[in-house]
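Asks: Have a look at this one before I ask anything.
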């Protein structure tokens, strides 16, 4: 099943100057990196306080120049998510199959340029709490990036500065359940109240009566929201009352336990300074379920809905957390009377569903990967001492989401607030979809729900009149009930009453299916636990813990060109045969230095011959150790030591070749050889890949050649070297060397490295053979 990322691009309208806006925080990131994996992102977080009607995040990106080259503005990408880190794949890598599409908070996405331009993300009635932001430079395939010395590339560092502005709503009045409140307000002036919903209160009702409209008021708008201030597009319930309606109004709504809720009253219409006030009276009424728990910490509850087909009983299990001191290592188990056990099964029938409730801590639990596994408990026949098969038509549909439970429905759906998604887990004899992972889960309360289905599905066809009768029954019951038992069971009692009434028998539904007369049961084993990294990053990655802006999270660092959240995406990995070709090219191309050794020996350049053999030896074994991408490698010692020897011998070969071309008299070559060897070992130790370490022997050697050749010409006033060497071999050798240097410095990329670097080996060996003077190239000193 394909993992779907919800990316919401909020309007980036510049925030206007407003005296009611205040700065809450200002954060500057460290320098940004190009995205190659989650290890490259920079994480920051901002915290929005409660009772905020408007929040605006101001983003500014800029560059810091650290070289002589100028810096061009670059694109910067930002992702933001509430309560947890955003799960993203800007490199286009595949998510693991175990990452399923579940209902989670939406992502916010923004692009900006690093030219000091400003962009805003504006949030109306935002949920309070932490918002986590990831910032990075766009992904570029590293195989197509040029391999150049650092001194030849611009050294620019991008960063982002984030400022959070908020507008606080004037303090809301607090109300309590059971008390009556009178509201008087002018037209177009809203009144806000807040109330706390305790545990086991899954729904509530506002009773509104004595409504009087001012002359200019056109209608009354009542908005209800949990956790944040309600707005036009952000409510759990909106009720509109016209002036012609004079009866008592009942407004039922589902609640979120252990959370603050808000209600707003607004009489809409043109405001007038001389008008009279509109007024109303309202009362809040809670419907709390029985909180008596059994020995396994479970409690019976009712899944309330305004649709008769969705009302059902369920058993909720509050899980107990079991953790270790290792980061992101924890699990949730059923609590028995005296012990905690992970081997206790949840017993199911097809008449009700089961809900597992557990809580993730803020910051501490969100940086790992949550795992949810279901399995049928083996049916053991004690008399026959055998394990029986699970009935073929037994099927379990499981859902998981934060903040509120979902309703599993046939054939493979999860329903919440009239929205359906494909169930992440379906367990049956013919299906094998029993495990899933949730990367960077949100903090707060989570609900895992699963239901047993068996038998055929007969389509449910509940008449609309029966649905209307059910809604009217629930409203009347909730408005007039007095006893706690009656109030808490209004939806279930009304469903029973309507189903048993004339013409409504087809409303006894289980989702889209008519409730089956067949009875079946099963037992389920579950595992809800957390690990640092998904699948422990597999064979081609390692798990790393990152800390950024105080946020701790784990991520995989992939090797061998593998990608993805668990390093399982092999789309960019090098095939085995190409690894073999790369290894052979880079190793065997060094054998071209053996003819160079022979030529140097024949021309009596013995020191040079030793150096050429050294570069052949060390370059061969360096590439044999490095080129196989950890799949094929042969290392005679540490890779760092071989790399040093390869670079050092290459620079030393350049140096001794230039000294040979200079044709220095007497003991001067020996002095130059040992001096160059000492200096080059020092510069190579400081920076093996620096261009200055390469230019030092080249420039020094060319200066020595120019000085010595000038002094020789000054003494004899005529040509002192063979014409063929001067007019053929030097231009040809310089051409070969220049082509090699151009390839080495400007043309090599990760993708063509095996070809062009092997060609560089060949060209350098050929260039040395051409440029190395023959014994008769220079006239003897006695002649000069």
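Positions of Cβ are set from backbone N, Cα and C atoms, glycine also.
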Asks: If TrEMBL is the reference, give me the range from 576-598, 760-782 marked as transmembrane segment.
Replies: 576-598
Asks: Let me spell it out: take the transmembrane segment (668-686), skip the flanking residues so only those 6+ beyond its ends count, and list any with a Cβ under 8 Å from a Cβ in it.
Replies: 607, 644, 647-648, 651-652, 655-656, 659-660, 692-693, 696-697, 700, 704
Asks: In the same chain, which residue numbers or ranges, 6 or more beyond the ends of the transmembrane segment (605-624), come under 8 angstroms Cβ to Cβ?
Replies: 583, 586-587, 590-591, 593-594, 596-597, 633-636, 639, 642-643, 645-646, 649-650, 652-653, 656-657, 660, 669, 673, 761, 768, 772
Asks: If we skip the immediate neighbours and take only residues 6+ beyond the ends of the domain 'EGF-like' (556-567), which ones have a Cβ under 8 Å from one of its Cβ atoms?
Replies: 37-39, 87, 89, 91, 93-96, 99, 143, 439, 533-544, 573-574, 629-631
Asks: What residues in the same chain, six or more past the boundaries of the transmembrane segment (692-713), come closer than 8 Å to it by Cβ-Cβ distance?
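Replies: For the transmembrane segment (692-713), the nonlocal Cβ contacts are 149, 151, 647, 651-652, 654-655, 657-659, 661-664, 672, 676, 679-680, 683-684, 686, 720, 784.
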Asks: Give me the DSSP three-state residue breakdown of the domain 'EGF-like' (556-567), ordered helix, strand, coil.
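Replies: Taking each residue of the domain 'EGF-like' (556-567) in turn, the totals are 0 helix, 4 strand, 8 coil.
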